[in-house]
Amino acid sequence: MADMEVMNMVSSGSYRPNFNLLLLILLQLGLKLYTVGGMWPLPQTFTSSTERYPLNPQTFYFGYGGQSAAQQGCSVLDAAFKRYFSLIFPDYISASVVLRFNEDKLFTLEITVDHNDCDSYPNEDSSEKYNMNVSARHASLHAETVWGALRGLETFSQLVYQDDFGAYFINRTEIEDFPRFPFRGILLDTSRHYLPVQAILKTLDAMAYSKFNVFHWHIVDDPSFPYQSRTFPDLSSKGAFHPMTHVYTQSDVRRVISYARLRGIRVLPEFDTPGHTKSWGKGQPDLLTPCYKGGIPSGTFGPVNPVLPSTYRFMAGLFKEVSSVFPDSYIHLGGDEVDFSCWRSNPDIRAFMKKMGFGDFTKLEAFYIENIVNITNALKKTSIVWQDVFDYHERRSSLSVVEVWREGCYLCEVRRVVKAGLKVILASPWYLDKPGPTHNWSRYYNVWPLAFTGTEEQKKLVIGGEVCMWGEYVDSTNLNQRLWPRASAAAERLWSDEKETSNVEKALPRLQDFRCKLLRRGIQAEPLYIGYCRHEYQGV
């Protein structure tokens with residue numbers, strides 16, 4: 001009874017408890033003492049002690065260091081402070097009772113950055129390195145850029161934990177951290193199923209929690225053309241599933257890019273040609289190749305027609321617009337899975353090939369891609385292509401970045417690409433839409449991107465990897481469950497030291513803890529196995 005009396009006094013705030021006495025009471029009541037859970041992805045170097053400090057949301061402050069190049073008014077960090085306050089203290093607004101110790105003492109998280117990138121966009125060279133030190137009543141976070149500061153804020157938010165009474169704590173900690181690979185992407189396919197903007201924004205939130213930094217927007221494809229072009233409005237008005245409800249307006253695209261920027265995420269658009277373009281033909285006459293059967297047009301259409309000058313005038317106009325809308329220096333040109341049967345059937349195509357001395361259709365596709373690369377080069381954009389283009393391209397010096405996606409010995413393909421002196425993005429092992437046991441996250445964790453024979457310089461050409469979520473069977477009803485937490489397995493592989501993160505059994509408790517964090521943050525991440533989270537998903 002005496003114990004309950006003390007607890008009532010504590011809850012009402014009329015008693016300032018002795019901490020040792022409180023620990024004794026907690027042990028008597030059989031309540032669990034929560035400590036910091038594992039961080040995800042694991043930092044490069046990380047030391048933590050059992051010495052812990054209470055955090056009070058009413059006396060917790062973010063601040064800029066005196067030597068910081070960014071100060072109050074920095075759009076990226078000011079927005080991040082508001083966002084992370086809610087993530088660090090998730091039930092502060094709704095909590096009726098929170099234990100508070102040392103109420104008169106402030107705790108400040110001081111951020112110092114070397115460069116003022118507050119008004120810029122993250123790019124392929126942006127540093128995400130940060131150092132953090134947590135001690136009594138003070139934590140310091142130092143980064144070269146605001147993008148590194150964002151990664152450090154995410155780590156800090158994962159260090160904070162609560163006890164059974166809702167009190168917040170953080171342990172003494174020192175961290176030096178940086179990503180293993182600079183390109184850590186997630187592809188969403190918004191053509192096969194339209195994804196509402198809100199679903200994309202929620203994915204960007206979850207990406208930031210796992211320290212992904214590239215949103216590869218596979219925005220159009222055969223089934224639909226939802227991108228609403230200013231220059232060619234018929235592409236979406238005739239090619240989208242619905243011209244009003246299933247399109248991304250210019251305002252929608254700006255919103256996604258802005259939302260991503262504030263989370264340190266690049267937006268990489270993909271306009272895949274010459275195949276995967278059936279929806280394009282509905283709004284752009286004479287763009288696609290007419291197919292023939294028995295010497296006469298069959299009424300069907302194949303890939304983009306690569307022999308007409310009008311094709312390249314149209315592409316130049318479209319990519320000029322795309323380059324102005326999407327600020328990133330990279331653009332994905334696709335180039336995969338081109339069906340040559342329609343080109344083969346068309347007499348004009350065959351006549352052009354004979355004139356040009358093209359012995360097979362891969363040379364015709366290479367001719368087309370080279371023209372598109374020249375267009376994007378003139379717009380000062382770096383082109384990414386799927387591996388198919390590399391496989392048939394003889395003049396590989398015109399290529400820059402190759403994305404390896406096919407199954408089989410994908411590291412053999414990686415080795416071939418880097419031997420040619422080109423950069424590589426690895427996607428093959430991270431196709432999360434593939435059939436198979438969705439709970440088997442370890443298959444995405446046990447991936448070794450550099451396990452091929454090559455020089456150090458060649459291995460540096462592997463700039464990262466990408467999780468691909470194709471949309472045949474995915475829309476906003478199951479997107480989060482399909483992605484998370486399996487995509488987080490790839491996130492750790494792309495961020496953390498491989499030697500420290502090669503054991504699935506050791507990683508599982510951390511991933512389980514991180515999955516619970518995702519649930520509490522409103523991300524419907526699938527369960528890894530039997531178990532529970534203190535804060536189950538509430539449908540927020």
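Cβ atoms here come from the backbone N, Cα and C positions, even for glycine.
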- Message: In TrEMBL's disulfide listing, CYS74 is paired with one of CYS118, CYS291. Which one?
- Response: CYS118
- To the nearest whole angstrom, state the Cα distance for the pair GLU337 (active site, proton donor) and CYS291 (disulfide bond). 17
- Query: If one measures from the C-alpha of CYS291 (disulfide bond) to the C-alpha of CYS516 (disulfide bond), what distance in angstrom results, rounded to a whole number?
  - Reply: 53
- Query: Roughly how many Å separate the Cα of CYS74 (disulfide bond) from that of CYS533 (disulfide bond), to the nearest whole number?
  - Reply: 36
- In chain order, residues whose C-beta lies under 8 angstroms from the C-beta of CYS342 (disulfide bond), counting only those at least six residues away in the same chain, are THR289, PRO290, CYS291, THR300, PHE301, GLY302, PRO303
